[in-house]
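Colleague: Below is the structure I would like to discuss, written out as structure tokens.
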Amino acid sequence: MNNQLHATTIFAIRHNGRAAMSGDGQVTLGQQVIMKQTARKVRRLFNDEVVAGFAGSVADAFTLFEMFEAKLYEYNGNLSRAAVELAKEWRGDKMLRQLEAMLIVMNKDELLVVSGTGEVIQPDDDIIAIGSGGNYALSAGRALKRHASTLSARDIAQASLETAADICVFTNHNIIIEEI
């Protein structure tokens with residue numbers, strides 16, 4: 001049994017001039033035990049101008065969260081520069097390369113994923129999801145953005161995570177949403 005604590009689904013979208021990120025509250029120990037149902041995996045950073053969410057090993061994610069926030073301050077809130085510098089440090093450090101987590105970061109202008117391999121990815125369609133329910137949330141979000149375009153970014157973020165929670169056993173309905 002894998003005894004690491006894991007946190008799961010995060011979804012983010014930029015749509016109609018707004019951006020929203022949603023995350024569920026479930027933390028799982030291994031494959032069978034829910035340790036916490038109300039974790040807050042989506043947070044505001046840098047004077048509330050940046051929203052970040054994590055999926056993966058909880059301890060690893062908090063380490064990356066703290067490192068990313070330090071990079072944000074070091075580069076005066078420049079989201080892409082902070083993400084790239086974090087990724088460079090992540091790739092270049094033997095200990096950091098062992099971390100099992102991913103981040104989604106966004107501000108009013110950009111949406112990025114910082115992957116577990118130290119890559120920075122900007123989605124083509126301003127929509128992204130990570131974690132065990134990520135593919136379900138991403139599918140729902142893309143369908144809603146395409147076929148229900150009058151919905152707000154917040155509404156799409158909510159519905160996408162609800163869909164993932166209905167399907168993925170590692171995602172629950174305790175959803176936190178942050179909007180910019």
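Quick reminder: no glycine exception, Cβ is built from N, Cα and C everywhere.
Pulled these features from Swiss-Prot for this protein:
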- T8: active site (ACT_SITE)
- A165, C168, T171: Na(+) binding site (BINDING)
Colleague: Applying a 10 Å Cβ distance cut-off over all chains shown, what neighbour count does C168 (Na(+) binding site) have?
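Modeller: By my count, 21.
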Colleague: If you measure A165 (Na(+) binding site) to T8 (active site) at Cα, how many Å is it?
Modeller: 10
Colleague: Given T171 (Na(+) binding site) and the residue listed as 'active site', what distance in Å do their CA atoms have, once rounded to a whole number?
Modeller: 6
Colleague: For T171 (Na(+) binding site), just count the other CB atoms lying within 10 A of its CB, please.
Modeller: 29
Colleague: For the recorded Na(+) site, enumerate neighbouring residues of the same chain (Cβ within 8 Å of the Cβ centroid of A165, C168, T171, site residues themselves excluded), in sequence order.
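Modeller: Result: T8, T9, D24, Q26, S132, G133, Y136, A137, L161, A164, D166, I167, V169, F170, N172, H173.
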